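Database features (TrEMBL):
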type	residues	note
TRANSMEM	48-75	transmembrane segment
DOMAIN	49-624	domain 'Major facilitator superfamily (MFS) profile'
TRANSMEM	87-108	transmembrane segment
TRANSMEM	115-137	transmembrane segment
TRANSMEM	167-193	transmembrane segment
TRANSMEM	205-229	transmembrane segment
TRANSMEM	249-273	transmembrane segment
TRANSMEM	325-343	transmembrane segment
TRANSMEM	363-384	transmembrane segment
TRANSMEM	396-413	transmembrane segment
DOMAIN	440-495	domain 'Kazal-like'
TRANSMEM	516-540	transmembrane segment
TRANSMEM	552-571	transmembrane segment
TRANSMEM	604-626	transmembrane segment
Amino acid sequence: MTSSSSSLSYDELINNSDHETCGFEVGCNAKRKRFPFKFLQCFATPKYALGFLCLASLGQGFVTSGLLSVVISTLEKRFHLQSTETGFIASSYDIASFLSVLFITYIGGRGHKPLWIGWGIFLLGLGSLVFTLPHFLAPTYSFGVVEHNVCNATTSNTECTVSGLRYYMSFFIIAQLLHGAGGTTLFSLGVTYLDENVPQAHSSLYHGIYFACSVLGPAFGFLLGGRFLKTYTDITTSVSITEDSSLWIGAWWFGFLIGGIVIIVMSFPILMFPKQLPGTAGLRVNRETEMHQDKMAIQVASDNSFGHRLGDVWRSVVLLMRNPTYLMVSLAISFDAGLVLSLTTFGPKYLESMFGVTPTEAALYFGVLAILAGASGQLIGGVVVTKAKLTVSGMLKFCALSSAVAACTTAIFTKTCSDTKFAGGTVPYPKNMNATLSPYNHTSSCNAGCRCDTDAYDPICGKDGITYYSPCFAGCTSHTNAHGTEVYSNCSCIASNIATAVQGKCNNQTCHSLPLFLAIFFIAIFATFLPGTPAIQAILRVVPFTQRSFAIGIKFVFVRLVGSIPGPIIFGKVLDLACVVWSTECGNRGSCELYKNENLASHMATLIAVLKLLVTFLLVTAWLVYKPPPESALDAVDQVSFTRTIGDNNFGLPTAHGAGGGIGEVVRQRITNTKYDFVSYKTLREEIDTDI
């Protein structure tokens, strides 16, 4: 509702059939044409809107976070890509989101939000289909002859030569750009569409459910993506190798194909939702009662024409930058986002190194924790705000307390386990005990003549309980296959009476604190996600109502600049300081394969503790600098006449968008069977929020 006068009747104030009918719209501005589908009108309710948005957010998380994380290493192998190139592919999502979010939230925030969201979801699905194109366009994968990395048999790494397959990277980048631009609408305009179509008292509950579903998407992507990779990339071909072979390429594309089709189908119901849900216009009245008090914000709130001029973009930015509560909460959300993304990236690797679990087990633990702790934290946070009827001050205190609890749980990261025995990395080679340990040089007197290639990282476990970089670096000269397990023998670096080894790392750790770690880490994740919904609610309430979508957009910019883009980079750099074994790519330093657990624990604990304490400080500061509106005359009166005072609006009932005396009529008709003869305005406001 863009404008109203005090003479508007209740029906005029509440009903606007042009914007409340389900249908399909084509064109834009004056040339747009809407085709109403009245038989779909039964779906135009907040619960159905929430349901369809939840399904879309599940699909978004499934494709862009879950599946992509699972198939990255497969893409590197299939298309001869380097880690820096796949890193750029992953970052393309954030780049597109960063570049498009302000345009989407400023223009789309005043437009037909379901149309923007629906077409965004369509782009998201289209991006998933584009992601599969290299599978169909590239030459059919052929794994050739199986080679064994034994002494004097190591071949040069052909992946270091320029391959035509690398040019297919452009499809992945384009797909990720579509993902980023399309997915942005879901968590910006989708949030405000729900907020403005439900009573303010129920908004946090809807958001809690919505954000909980967004957490479930990546978890399902991790679980199903792993299953897809167990199927050979050419699903119509039977091959002689198994998934344990280094030459195996799984069906990385299958999840994107199915996900893309489902997401595109999901876009059409959302496109048909009305601009505003029927009977909800009154819910957008008087929604600025907790706005942070600032002279410019008050002027904007009372200016019905604000936002329709191009010059208002800069004023909108200045308005939000002048709001210290908004700034502090946005920064807190951004640092938390960077922390969550970093833990998602490096958490499984931490479990592998510290507790000696397999990559599959580590991914499973994190998937379960994300589903149970992350989703329940988001949901319960929304329920608390709704049931406790928290004000902005209450929400900020709740967020600060939750963050402080999460900060305390970082102490569990100081718990360390013994290091894996790795020849040349954590222990000397058995036949060269005086050699200096090195994270790069794995050559010793026992393998000096083997011409080993450090690009071929293929760890084996010797009978002596020590892990070796590869069969070649263990000095092994022969191999056999016993019941599906590669066994290497005549290994010159292992004592002659036990000079054999099997494929894979040794699991010689005796640490039994994994259950305790997972229990405390569950609390940490829960406490980190718990303030997610209240924080978003605080952002929505402290800014002018017309600026809510743009406020979410600016928050997205903060999240990208401060959190999701630099966060994993900083975490990776800090954790690399604890690395004791590096692999190589084309002779250059590649990824870390083993950490020194004591250093890994101290670096992880310090970094997480600093971030959580910083988030807590920002939230406490946001609470201290928040300036709520002064109590109105009605707030200060305990008993007022409902019939004469409220109906006539004699006490100047606060209004939004110039609704004026029409509010009295809204109150009168919304509470038709009131049990009050004399009530306070606060009581009436609670009744409206609860009953509408």
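Cβ from N, Cα, C; glycine included.
Mean pLDDT for the domain 'Kazal-like' (440-495) in this predicted model: 85. Contact between the transmembrane segment (249-273) and the transmembrane segment (205-229) is present: at least three CB pairs lie under 8 Å, with pairs separated by 6 or more positions in sequence.
Same-chain neighbours of the transmembrane segment (87-108): 64, 68, 72, 75, 81, 116, 120, 169, 172-173, 176-181, 183-185, 188-189, 307, 313, 316, 549-550, 552-554, 556-557, 560-561, 564-565, counting only residues six or more beyond its ends whose CB sits under 8 Å from a CB of the stretch. Tallying C-beta pairs under 8 angstroms between the transmembrane segment (205-229) and each of 167-193, 516-540, 604-626 places 516-540 first. Secondary structure by DSSP for the domain 'Kazal-like' (440-495): 0 helix, 15 strand, 41 coil.
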